[in-house]
Every structure is written in C-alpha cells, then in structure tokens.
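Annotation source Swiss-Prot lists domain 'Pyruvate carboxyltransferase' at 30-303. Positions annotated as Mg(2+) binding site by Swiss-Prot: ASP39, HIS242, HIS244, ASN278. The region 'Regulatory domain' annotation in Swiss-Prot covers 437-558 and rests on sequence analysis.
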Amino acid sequence: MTDASVKYRPYPTINIPDRTWPGKTIDKAPIWCSVDLRDGNQSLVNPMGHDRKARMFKLLLEMGFKEIEIGFPSASQTDFDFARWCVEEGNVPDDVSLQVLVQCRPELITRTFEALEGANKPIIHFYNSTSELQRRVVFGKDVHGIKQIAVDAAKMITDMAAKAGGGFRFEYSPESFTGTELEVALEICNAVVEVVKPTADNKLILNLPSTVEMATPNIYADQIEWMCRNIDNRENVIISLHPHNDRGTGIAATELALMAGADRVEGTLFGNGERTGNVDVVTLALNMYTQGVDPELDCRDIERIKAVYEYSNEMTIPERHPYVGELVYTAFSGSHQDAINKGMKAIKVANHPVWEVPYLPIDPKDVGRSYEAIIRINSQSGKGGIAYILQQDYGINLPRNLQVEFREDIQRITDEEGVELPAKRIYERFIERYVTQPNARIKFVDHHTYPAGDFKGVRIVAAEITDNGEVKRIEGKGTGPIDGFINALSVYLGVDLSVNDYSEHSLQHGSNASAIAYVEMEHPGGKLFGAGVNTNIVAASLEAIVSAANRVLEERAK
C-alpha cells in the first residue's frame, strides 16, 4: 500500500467546546422516511419492476412508515408510472406522505409536479451538490453559483405548489453535506429557508446527508449539532439525516446525530443502497427497542420483512446481519450456550417482564423468531447447549452429570464429522445411546414384586429380561422395585452395581403421558448413566437401570 499520509488527508474536526450530544440519549423515535424505492432501487443490479416495487411499497405501509420516497419520476417513465400508481391505486393512508426526488432543474421540476397530481401532502425533495470537491471538479462553480441553483429551484417549487392549490411539503438536501464546509452549507440552507418560509403547520425538511461517509461518527454528530444551533427559523425546520455506510459506521453516526438534535432519518430496510449502502432503519429501530424506546415501526415479523426485501431487491441478507441474519440468535460456543441455557431458566423462574438473558440483547420472539435455533451444536459446543436443545425441543431435562457425559459423546461425533449437528440428530443419538440401545445385551421385559416372607419392608422383585435375545428370569431383594432389581441384576451379571443418582420427570401431560427416568450407576470402574422411557414410571426406572448396566458391560468389555 502507498503511504497513507501522502495520499489521504484526515477529516477536520469541528470546534464545539460546549457540545451537548455526548451527554444525551435517544428517548423517542425520529420521523422515519424509507428511501428503499429510490436510493435503494437505484443501487440494484436489476432495478425493481412494478410488481417488486408494489410489494415493497405495501410492506413499508404495513410497517408504519409515514413518509416514503417512491422514486425519481422525472428521471424515467418507470418511476413516473409508479408514482402515478401510488397516487391512484396505492391505497395510501391519509397520514402518509409520498416523497419524490428531483434535481434543481426547471424541466424536471415540472415533470415531478405532474407525477404527484392528486397526491395527499406529498413531499417535493429537491437537491443539488454543494461539496467543495464537486463545486471545483464537477460543476466549476463558486459558492454563490451553487447557492443560486438551490434558491432558484426553491422559488420555482414553492410557486408551482401555490398555483396547484397548496398542500405540498418541501425538503431540501445540500447533497454531499459532509464534504461541504459548514459555513457554506449553512449559507445555502438559510437561503432556501428564506425562500420557502416554513411555518409551524408546514415545516421545511432540511436533509443533511452523509452522502459519502468520510469521518468518524462523532464528527457527523458535531456537524448536526452545529447546524441545529445556527440554522435560521429552527423551530419550523425538521433536521433530517441521510447517512451512508462507507466506513461501516452508518448506524453509530445516525444514533449520535439523533442525540445531537436531528428529528428525522432517511434510510432503507437492512441498509441496501449505493456502494456500502444507506443506513439500516430496521437495525436502528430495534436498537431503540432494546433500550426501552418504542421505535414506531412494526418489526414483529422480521422474517416476512426479510422475504419481501429479498424478493424486491433480488439480494440476500448475510447470516450475521443484526437482528435478522440466520445465525444472530445462535450460539455455538459452549460457554455461551451454557449461559443462555441458565438465563432462559432464570427468566422463567423470575417471571418478571424485563428481558435478561446472556448473549441475547433482544427476545427473538419480539421479532417473530423462535428459540429453536438459539443454540446449535458443533465441535465448539458445550453441555449447556446440548441440554438446552433437548429440553426446549423434546422436553428432556438432563441431570447435570449426564449433560457432561453426553456432551463427550456429541463432541466425538462433531470432531469426526466436522459439521454442525441438528437438534433431531442430537435427540436421535440420545435415544439410541441411552434408551433403545439396539445392540445392547440386556433388555427389560417385565417385573412384579411380592413380600419377602418374614422380612418387614423387604420385597422380592421377580423380573423378566432377555440376554442376547434369550429370555431369563431373575430375582432380587430390596426395599422397593429399584433396589430389588439392582440386586437381581448385580447377582445375574456378577458385577457390583449401585445407584448413585436417580431422577425422573414426565415428557407430556395427561393420563397417558410418558415419563423418563435417569439412573447414574456406580460400578467398580466408575459411574455411567442410563435412561428409560415408559408410560409406567416404575418400568421407566427399571429400563434406565438396564440401560446403565448395558453401558457398564460395554465399558468392561473394552
């Protein structure tokens, strides 16, 4: 790479010693304006046709956008026709304003008014580039010449609006604002304010775009605070943001600029737009939501929003995209899985409304996602993640020591295969290894008990098992079925067996519900678990003992 200090110049800082934005927070939603159908559309490899535009437009209305930039009707017949469709057939609610973009050229302004005939409170968004670079390289004009372009357009637009009977709203953008000296931007914007003469009933939207993101977010915030302090007729001016994401900090720049006094944000769903994209209004809205602020955009069905986005834009959303990506509610790390598992249990026990789960800044259900994919299992996964999946998807609550034991089995499989294991595969492995054991030597068939003669409190357990398919009858003594069956099996197998831990729970509700029992069996070589599932809890317990005994036999045979 070439010497950066020679080729590039650092962006100058803004001198505001008494800046106030660092101590502020965002406590209310801004006015939102979607520019998906204009800025987003013009950035697509294949611009939207009518059907794709119409579907996106309907989604934006359903989400609650009150201002929607529908295109650049003077630039193409397609955009003009779509504007007419929105006006005539778009079923636009009375509280929604259609916005269109136009350059400061008389013939384009005339065509724009034609496109909006009959619209309710439409916004005419006019702009011209004001940056030092474009004044010098593109237009060859001085500040006065650039200001005159904006002033002339403002006069023509306000005159045409008055002749059309009023009802129009106005927005002006000094395009490439972040590349414009603040004093120059202020001079041009104040000249437009003087022409438009905004009132409390019809405020001027003054859009200050980060057309190209050129500096750190704090500098954009300083620029916005400076403009808010110095613009004329501030009480009747809506300060609007239009950030891009060239440096990857569009979200942060927008949030700091809102803290600096901005009232409005223009952006796109999931950040589609020129180059690296416009600011992502969905992420902005959900960031506010997770801070306890109503974003006033409906993101409850984020999968549907994603589906329309991908259909209309013919683009896919990355797996790690905030709030919507396939993997954003997923943990592979064992320690993360364990923390999520414990957090989910704690929040159920606490039964209070505040969301507090490690590694999940938002409840996935709030955006229409499920808990099913929160934890996924690969070679980095721990016992907590495996336990969570079995509990959440199949109602199996593994004892802690069994979590450790089964995790080693799953770890071996993921290490060998090098892939993620889906929940169904994990469940099937658990059932095969601990419950059905298709290749096991011993199978439980049935049992009954009867008193042990003169021994008070002791019963004889008579059980039927199969040993490699051959029916065997065994007997043992104990204080109950489990104790007696352990005694019978120990004698039959010639192995000293004892129960170190036992637990059970139901798998479903109702009179025909199955139960699962877990037995940690202690034997001369250590401890191993078994599990049994049956509609009869005693039978489930005896099956769990057989399961553990089979695993002891496997261990001894190695």
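The backbone N, Cα and C atoms fix where each Cβ goes, glycine too.
Quick caveat, the model's predicted, so the values are computed rather than measured.
The structure, with features from Swiss-Prot marked on it.
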| residue | record | DSSP class |
| --- | --- | --- |
| ASP39 | Mg(2+) binding site | helix |
| HIS242 | Mg(2+) binding site | strand |
| ASN278 | Mg(2+) binding site | strand |
Neighbourhood of ASN278 (Mg(2+) binding site), C-beta criterion under 8 angstroms, separation at least six: VAL35, ASP39, GLY40, HIS242, PRO243, HIS244, ASN245, GLY250, GLU266, GLY267, THR268, GLY271, ASN272
Any further residue of that chain within 8 Å (Cβ to the Cβ centroid of ASP39, HIS242, HIS244, ASN278) of the recorded Mg(2+) site: VAL35, PRO209, SER210, THR211, PRO243, GLU266, GLY267, THR268, GLY273, GLU274, GLY277, VAL279
Averaged pLDDT, computed only over the residues in the domain 'Pyruvate carboxyltransferase' (30-303): 97
Three-state composition of the region 'Regulatory domain' (437-558), taking helix and strand from DSSP: 34 helix, 55 strand, 33 coil
